[in-house]
Amino acid sequence: MISLHRANFLNTPSLSGTPTGSTHLPRRSPVVVRVAVGPSTGRSGDGNGVVLTQEVREGVAAASAVDLIETSTVTVGGVEDVYGEDAATEDQLVTPWALSIASGYSLLRNPRHNKGLAFSEKERDAHYLRGLLPPTVVSQELQIKKMIHNIRQYQVPLQKYVAMMDLQERNEKLFYRLLMDNVEELLPVVYTPTVGEACQKYGSIFRRPQGLFISLKEKGRVLEVLKNWPHRNIQVIVVTDGERILGLGDLGCQGMGIPVGKLSLYTALGGIHPSACLPVTIDVGTNNKTLLSDEFYIGLRQRRATGQEYAELMHEFMSAVKQIYGEKVLIQFEDFANHNAFDLLAKYGSTHLVFNDDIQGTASVVLAGLIAAQKLARKSLADHTYLFLGAGEAGTGIAELIALEISKQTNISLEEARKKIWLVDSKGLIVNSRMESLQHFKKPWAHEHEPVKGLLDAVKTLKPTVLIGSSGVGRAFTKEVVEAMATFNERPIILALSNPTSQSECTAEEAYTWSKGRAIFASGSPFNPVEYNGKTFTPGQSNNAYIFPGFGLGLIISGAIRVHDDMLLAASEALAAQVTEEHFAKGLLYPPFKDIRKISAHIAANVAAKSYELGLATRQPKPDNLMKYAESCMYKPAYRAYR
């Protein structure tokens, strides 16, 4: 049996404007149309037709509803039938679907259109809301004031997270407006560090689906699963397989909290419309024994699939995404384990618009901080010696982008630029003598040097000016390590990037105290200001949320078809340019998050300009003012007046 896809219906009604197509619905009374479609394989009769019944409220002529369907042979309910399945003869078996303009109780349960107590008197009459709401009418501003007050009553961060997710499922515009207006306070709630705990307990707090779960059970049917999603104009997909969630390890299917959280930020910070965002979790099992024995675990109860079985499911997913959403949909890989992260980026980088935030996003935001730090440290990027603790996807990604920027600034070769950067992994300093045993992504960083076992010995031997942690090992930057950095650097740059807070290589207080207030510090998770010797230090947060929302917006507004390293450099330079003298005076390497929408627009404009320069943009003609164009394209969650 062929069934008409629900997406053809769910995007049809628009209470803030006319429905898609040329037909206008009656002004007041919503029409309920029941459409039976999808002929069975056992055909009887000839030709195709549409079986309809309709219910029209308050005297609207039945002909109006019929006209709604019959104005075009390729539409049902005023929407083009994408699959050509809008007809069946009366004696064919059909699959019934129900369509209704959101009104009354259903309108209050529709998160996209619900305004709660903000519905006006006129709207309450027009949409059958009388009696379903208390009599008072309030503004969105008052709703925001009430919600932030309520959220502040919770003492436990996870409770705040659940309250925010409940709001998102109830009133989408209010959720995004609340997040935008209180971004510095609520970012740690909807994203790191709280999202890490949310993923760990996702099975217990799971309420309703917020994305697509594609498991091995759906192998061979991934395209069909994608068609179950109610929106078709998808521009950004964030996908994870849950194997390396933050610094917490394999959380399997419960890693869905990451794509959901990332896409909330794509909307709130980057202005991508919520309906254009699709969170996806690829569930191939988990090796986490605790989850496999947890009765509340919501994923496949089996050990992780690997090898050909894994590769085939991922390839089917990537092919299906391109088939249904086109070449310009951005696919962001998130929290894949190292071995898969690099392979997927290499495999699909030349055929799809793909971006790995752990490798490329982290690198871009760290590079922006280092560009900004040049002024504080009074050294150029090429003058520094860099030492990384952690040689996974984040560490090597950051290292490569730093080398690219040094090469660009100094006109030396990339290979020569790499020699300024050293990496330490679990086995010690990465050197030439270890070449044969190294994973492929570590080999470019194997320099000529005698073996060095621990981080402290590497610091004392190499005397780096920049120490970067991406290891996921909490408190790995010990007092001895930080003090050693401070002995041969007037202003040591220390970046403790691992998330969540518990995995940070050191705290802000430790960095400032052990360096006697001389460290230039930033971290992946937020830390409160620190007072040392009568001076207040405000630690910067090297948060990927500075980069990926604006980066994605830039790709979308230019119609880019591929991601190029020069676009990442452009994003870094745009972010660093937003750091002012006032910020430097406070020791900040990044601008405040309260300005993030403006920052994202600047990044988007820079990335789009680079896309046009590289010949990778398809949206023509190029806008005269990319900054203004980026701002004009951003989603704004203000309530609309309904007729």
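Heads up, the Cβ atoms here are built off N, Cα and C, so glycines get one too.
Taken from TrEMBL, the feature domain 'Malic enzyme N-terminal' applies to 168-349.
Residues or ranges marked as active site, proton donor by TrEMBL: TYR191. TYR191 (active site, proton donor): 26 other CB atoms within 10 A of its CB, across all protein chains.
Taken from TrEMBL, the feature (S)-malate binding site applies to ARG244, ASN499, ASN543. Other C-beta atoms found within 10 angstroms of the C-beta of ASN543 ((S)-malate binding site) number 26, with every protein chain shown included.
There are 27 other CB atoms within 10 A of the CB of LYS262 (active site, proton acceptor), with all protein chains counted. Residues or ranges marked as active site, proton acceptor by TrEMBL: LYS262.
Look at TrEMBL and you will find GLU334, ASP335, ASP358 tagged as divalent metal cation binding site. A C-beta separation below 8 Å, combined with a sequence spacing of at least six in one chain, links GLU334 (divalent metal cation binding site) to VAL238, VAL239, THR240, ILE258, PRO259, LYS262, ASN356, ASP357, ASP358.
Feature annotation from TrEMBL assigns domain 'Malic enzyme NAD-binding' to 359-612.
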Q) Given the recorded positions TYR191, ASN499, ASN543, which lie close to ASP335 (divalent metal cation binding site), meaning Cα to Cα within 10 A? A) none
Q | Site with most surrounding Cβ atoms, counting all protein chains shown within 10 Å, from the binding-site residues ASP335, ASP358 | A | ASP335
Q. To the nearest whole angstrom, what is the C-alpha distance linking ASN499 ((S)-malate binding site) and TYR191 (active site, proton donor)?
A. 11
**Q.** Predicted model, mean pLDDT over the domain 'Malic enzyme N-terminal' (168-349)
**A.** 95
